[in-house]
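These features come from TrEMBL:
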- 370-430: coiled coil (COILED)
- 440-649: domain 'Histidine kinase' (DOMAIN)
- 177-198: transmembrane segment (TRANSMEM)
- 205-227: transmembrane segment (TRANSMEM)
- 239-261: transmembrane segment (TRANSMEM)
- 273-293: transmembrane segment (TRANSMEM)
- 299-317: transmembrane segment (TRANSMEM)
- 324-342: transmembrane segment (TRANSMEM)
- 348-374: transmembrane segment (TRANSMEM)
Amino acid sequence: MLLGLFAFISSLTYAQVNYSLHDTERHRLDAHVQIYIDDSEKLSHPDILKNDIQQQFINSSGDLQFGYSKATIWLKFSVKKTTSDAEWLLELPAPFLEFVDFYQLQTDSTWSHHESGYYRPQSKRVISHTSHLEPLVFGSDSLSHVYIKIAGRSPKTFPVYILEKEHFYQKTRFEDIGYGIFFGILLVMFFYNLVIYLTLNQINYLLYICTIVCTFFIFASATGYAGKYLWPEYPDLNFYAGRLSLTVITIFLAIFTIRFLEVKQYSKTMYYILYSLPFLAIITGVLTATGIMSSANNNLISISTLVYLATGIVCRLKGNKTANFFIAAWSFYLVGGLLLTLRNSGVLVFNFWTTHFVEIGAVLETTIIAIALGDRYRRYKEEKEEIQLQALQLQQEANERLELKVKERTEELQQTLDTIKLQKEIIEDKNAELDAFFYRISHDLKGPIASLLGLNTLATMDIKDELALDYLNKHHSQVERLNQIINGLINLTRLNNATLQREAIDFEKLINDCIESSRSLHSFEKITFKRDIEINATYHTEWTLLNAIVQNLIENAVKYCSTVNPYVHIYVKTDERGLNIKVKDNGAGISEEYQSKIFEMFYRASQHAQGSGLGLYILKRSVDRLQGTIEVESKIGEGSCFTVQLPPL
Ligand code: ADP
């Protein structure tokens, strides 16, 4: 009776032998399992073994597509092996399944329990792998009885395989190579763009690098490779890397697209839609993280892929050529993403294309965008070179114009110079003629003036009448003045024509002679003369010119001297700057407004001036010929100081 009951229970708890492992190496069991969906998510394996639950197991109708179901899925099956030596592995090649538990009837009629799953450490698994694995144990009747519990929030669309061990490892090697290439391409793209970023320092490259890093982590965790190799004992990281990085990549991709396609410039609508994506990503991130809606992030990625593609198309239609690449890149990714999303939600079956097309799409997208970035950079460089070339041409043109203008101006200047030279020559000729004329007239006048003076002297001796004598004196002073003018003019013409001949100057003698020759001036006797001569080295210069300078200065100082205590101070000094002559008096002084004019020909600063107005003109001409300078400091009623500076010779 008991035995009968046991047999009955056994017949319930072990599924009927619904699959026989004949000689092929790989068996897909999806259609040969029995399914129980535990909506309470609480039942344990012993609960499942209970009769009432056993009766609720239903036969699978085909592919195992439960989508984003929260319920715990229980599968059970029994298989029979037909070859004695083969070792078989049960595989669920869906790394993202969060909690997978294998229960298997052992030869001693007890149930073994092994754990696997996305959120479980590798050390808990019987076989450390990206997939969830359980080695099958067969009883003496060559039967294996297995229960699989699948819990968690991830999409529950997955296949169940039984593979011959050797075949399984062969398949693993093949998959490893495939993923090696996949992650290798991502790494190459990462470093390629990193180098470009470091060279160009353009933020677009940095954003793109961030998207590559996110892509790397999303796929590394979704495929189980990160869980196996990067953080085998910290499966919780799979959650952040696989799910939450979808939030981060959406943010980066939205900003990257805005910048890369210069969306604001081409379409305001697409710009605002893209701008809203980062905010949506944060919301979906929270929904996913809290478990309120596990699929939120995945759904957003699918939607945003469509947005990127649409943005590419809109920008292309509005004339952005770089968008070509962008459209191509996202088309592939979109197809892959759609296939995956539809698979995850249970619409499509789990097969190679629904699983791997998104990976192919990701690699193509990454590569095409990298090419597009390169293309954009090339365009940018070309544009820059074009602008530089234009700037250079403009510069050249400007230079040529400038050169032409300079040439024209130089020619004009040359013409003006030639004209000036010609005019100067004419003036010099005229001056020479004038000088010759002055010279001749002066000489011709000298004789009659001497006769007039002689006659005048004779007349003053013979005539006794007072009035006539007075007239004769006035006549004499006018003739004397005429004589002075004529002498001045003779001196001037002499100065103009004389060739310079230098000689050593005896300053003591020169000054004394000049003072002496002023003796005839009426105020001479009252004047105190003071001489300061500091000559350290013999000074050579044209005596006639220097004499004209000193003579004129002393004569004027005497002529315009003070009525009270008049003095004339003559100061001569040589140093490295040349010869310095100062003649200072305390006489009438010259008003400031006349100081600049006193060196002009025939200029007299006051009505009472006794001279011809030629003295300072001759002096200035002499200073100029010796390449020196003359300055005057004077105040009406206080006196004057004339300073002559002549260069060292
Ligand atoms: P002039 O033969 O009339 O003295 P100058 O050319 O020597 O002519 O001087 C020009 C004018 O400068 C003079 O008419 C005089 O008014 C003024 N002048 C020159 N030297 C002195 C001086 N030392 N003191 C006051 N006035 C002077």
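Using N, Cα and C of the backbone, Cβ positions are placed for all residues, glycine too.
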Revision key, fill the gap. One stretch in 177-198, 239-261, 273-293, 299-317 has more Cβ pairs under 8 Å to the transmembrane segment (348-374) than the rest, namely 177-198
Point to revise | Range from 177-198, 299-317, 324-342 with the greatest count of C-beta pairs under 8 A to the transmembrane segment (205-227) | key: 177-198
Study note, to complete from the structure: Over the coiled coil (370-430) the mean pLDDT stands at 90
Review point. Short question: which residues 6 or more past the ends of the transmembrane segment (299-317) have a Cβ under 8 Å from it?
Key: 246, 249-250, 253-254, 257, 261-263, 266-267, 269-270, 273-274, 277, 280-281, 284, 323-324, 326-327, 330-331, 333-334, 337-338, 341
